[in-house]
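Visitor: Feature annotation from Swiss-Prot assigns disulfide bond to 26-38, 32-50, 37-78, 60-86, 80-95; the stated evidence is similarity to another entry. Marked as signal peptide by Swiss-Prot on the basis of experimental evidence: 1-19.
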C-alpha cells in the first residue's frame, strides 16, 4: 500500500510539473520527439503522453490538429503521418 501511495504522488508531481519530459509524459507537442504528438491519455484528459503519429490503417481522429500543435490535445490519437489523411472507413476513421 505504501508503494502504491508513492506511485500516485510521483504521477501527480509529473502531471503538474513544468520540467523536462523524462517518462514520455508531456504537455505540448514541442516536448515530444519527431514522429510523435502529445496526446491525451485514454483514461484521463489531464495526463498526456508522447504517442506516435498514425500509420496506414491505424485509427485516427478527423479533427486532430496538425503537428506541432501549441495547445493541449483532447484526443488520445495523434494525426496521421506525413502523406496520409484521416478518412472514414466503415464506422471508424483511419489513416490512409
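Numbers run from 1 along the shown chain.
From the backbone N, Cα and C atoms, a Cβ is placed for every residue, glycine too.
In the displayed structure, how are the listed features positioned relative to their neighbours?
Guide: In this structure, residue 26 (disulfide bond) is part of a beta strand by DSSP.
In the three-state DSSP scheme, residue 32 (disulfide bond) falls into the coil class.
Taking Cβ-Cβ distances under 8 Å and a sequence gap of 6 or more within the same chain, the neighbours of residue 37 (disulfide bond) are 29, 50, 51, 53, 67, 68, 69, 73, 78, 79. Secondary structure at residue 37 (disulfide bond), taken from DSSP and collapsed to helix, strand or coil, is strand.
In this structure, residue 86 (disulfide bond) is part of a beta strand by DSSP.
All protein chains included, residue 80 (disulfide bond) registers 24 other Cβ atoms within 10 Å of its own Cβ.
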Visitor: Determine, to the nearest whole angstrom, how far the Cα atom of residue 86 (disulfide bond) is from the Cα atom of residue 95 (disulfide bond).
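Guide: Cα-Cα, rounded: 5 Å.
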Visitor: Given the disulfide-bonded residues 26, 78, 86, and counting only Cβ atoms in the protein chains shown, which has the most within 10 Å of its Cβ?
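Guide: Buried the deepest by this measure is 78.
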